[in-house]
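Take a look at the structure set out below.
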Amino acid sequence: MISLQKGQTIYKMPSFGFYTKRSIRTLLDIFVKFIGLLYPSKQQYLPPITDRLLLEPAVDLVKRIKTGQLKSEVLVKAYIDRIKTVQPHINAVIDERYDEAIIDAIEVDKRVAHELHGNEPLNGVSIHSQPLLGIPFSGKDSVSIKGMLFMAGCPARKGIRATKDAPVCERMRNAGAIPVCMTNVPELLLWYNAHNKTFGQTFNPYDKSIIPGGSTGGNSSLIASAGSLVGIASDIGGSTRIPAYFCGIYGHCPTPELVPTDEHWPPYPPGRLRMLSYGPMVRYAKDIKPVFKVFLGDKVSALKLDESVDLSRLKVHYMYAINDPLLTPVSAETRKGIDECVQHLKSLGATVKEINLDKFEHSFLIWQSSMKVENVTPFAEELTNRNGAINPFVEIMKSVYGGSDHTIEAIFGSIFDANPPKEEVLREFKAMAEELKSEIHQLLGDDGVLLFPDHPDSEVKLNATLFNFKNCVYTAVWNCLQVAVTQVPLGLNTKRLPLGVQVIAKAFNDHLTIAVAEELDTRFGGWVPPTRIDC
């Protein structure tokens with residue numbers, strides 16, 4: 001094991017316990033491979049993309065709408081048609097407002113025509129003040145959109161609808177964007193596979209045997225399928241970045257506490273809200289910044305999003321893996337992807353350096369301890385919509401016969417939640433989180449980024465996540481460290497599955513991660529369609 005201490009490189013022999021844990025992980029990975037045999041690969045299963053409108057970035061479409069070259073109604077209908085085409089295959093959408101969205105789009109077109117004829121803006125709002133005018137977007141079933149289902153994938157909340165917009169959705173509407181649908185999530189957002197007993201399994205558009213990620217897996221699957229252009233995501237442990245990675249799109253997890261996280265289910269106490277961020281999911285790198293600005297509202301001035309970034313002066317740090325023996329080894333292709341990013345940025349003049357901080361070995365306990373805060377509703381109670389509590393052992397028995405309303409992951413999650421580490425362990429790793437945060441912020445400064453894996457590999461089969469859930473620490477640990485993170489797609493691997501990398505910067509340096517994402521887009525090409533294009 002190699003670690004850096006005060007600039008020194010030292011070598012430590014792994015302990016017997018390390019090899020024991022590595023053996024356990026190897027056996028689990030072999031078992032997971034056997035599970036994978038039950039789910040043969042199924043690629044290129046989506047109908048082809050037949051409308052060129054579905055292949056244009058939002059910023060380009062907005063320009064055409066504002067100049068009268070494109071009607072929002074035509075665009076919204078094109079996306080609705082695509083949703084209807086792919087939904088039977090990916091099962092990403094749980095609720096829709098197609099008719100209302102078309103009415104909203106027609107109203108946009110009326111306003112555009114009115115102003116283009118030299119008239120004063122209707123309703124006192126100019127089309128030129130709305131950066132996402134006429135653009136359709138998709139929601140997440142944990143962030144409220146008035147009138148739409150607001151269940152967070154929880155059977156006990158079946159049929160519950162939002163009575164008002166979350167601030168982030170209100171900002172999207174005020175920017176001219178049009179909500180079209182609500183997308184699937186795991187039960188109460190717990191897991192990293194979008195599956196629940198009410199709406200079922202959402203599928204990955206690149207391979208139907210692979211998870212789409214979670215918790216924002218419905219949105220990532222729909223966006224990657226060209227069924228949506230922009231989506232709302234929330235992230236407390238990787239819920240933006242993991243699904244964006246598995247579905248080959250962009251996801252930005254911003255500096256915490258800048259975007260309001262009101263009207264979220266389940267509601268979190270202040271200690272967890274410091275770890276939660278709302279961010280955009282998009283297919284095109286050039287859309288990250290304009291959508292993110294809308295999310296920020298008046299907090300946009302807290303960041304330097306319009307500041308030009310000289311990549312030749314950037315300090316690029318990188319890590320290939322977390323040295324935890326209970327994690328699946330990072331794939332060779334993931335490592336190669338990081339290498340190619342490093343070499344590209346180096347070719348632009350950036351300074352590059354590999355790092356390895358020992359504290360990352362404890363990432364899971366750091367995240368688990370950080371999540372254990374005051375006034376948290378027990379997960380067993382959340383599963384009943386706070387009307388009593390489930391008995392997880394009864395639910396396990398019911399699951400054997402297919403009689404439980406809850407996923408096995410949610411049931412085990414309630415057991416895990418009810419049996420946290422001892423108080424002294426929690427204190428130790430909360431303190432370690434603060435130490436690691438200080439180290440990372442000092443390392444990155446205001447001119448540095450860190451390239452880091454999203455996950456060991458993108459080939460995670462359906463129903464296999466219970467045996468490798470710890471792999472989520474590649475994203476989860478960053479929610480404890482007050483940083484900005486952008487997931488960047490790096491094309492496809494040899495199995496035609498997405499590759500990706502996290503770009504991490506110190507808090508309030510979101511402009512650095514976005515600038516690197518935009519640059520890597522020129523090198524790797526961004527989103528790769530999961531099906532053929534017939535237009």
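Every residue gets a Cβ built from N, Cα and C, even glycine.
Note that the structure is a prediction, hence the values are computed from the model and not measured.
Summarising the annotation, TrEMBL assigns active site, charge relay system to Lys140, Ser215. TrEMBL lists Ser239 with the feature active site, acyl-ester intermediate. The substrate binding site annotation in TrEMBL covers Leu189, Ser215, Ile236, Gly237, Gly238, Ser239. What TrEMBL lists as domain 'Amidase' is 75-513.
Under 8 Å, Cβ to Cβ, and six or more positions away along its own chain, Ser215 (active site, charge relay system) finds Lys140, Ser142, Val185, Pro186, Leu189, Leu190, Trp191, Tyr192, Ala194, Ser234, Ser239, Pro243. Site extent for substrate: the farthest pair of Cα atoms among Leu189, Ser215, Ile236, Gly237, Gly238, Ser239 sits 11 Å apart.
Note: Gly238 (substrate binding site) has non-local neighbours Tyr192, Asp454, Cys472, Tyr474, Thr475, Ala476, Asn479, i.e. same-chain residues 6+ apart with C-beta under 8 A of its own C-beta. When pLDDT is averaged over the domain 'Amidase' (75-513), the result is 98. Classification of Lys140 (active site, charge relay system) by DSSP places it within a strand. Residue density at Gly237 (substrate binding site): 25 other Cβ atoms are found within 10 A of its Cβ, drawing on all protein chains shown.
Shown in sequence order, Leu189, Tyr268, Arg272, Met275, Leu276, Ser277, Met371, Asn479 are the residues of the chain, 6+ apart in sequence, with a C-beta less than 8 angstroms from the C-beta of Ile236 (substrate binding site).
Using a 10 Å Cβ-Cβ cutoff, Leu189 (substrate binding site) registers 26 neighbours. All protein chains included, Ser239 (active site, acyl-ester intermediate) registers 34 other Cβ atoms within 10 Å of its own Cβ.
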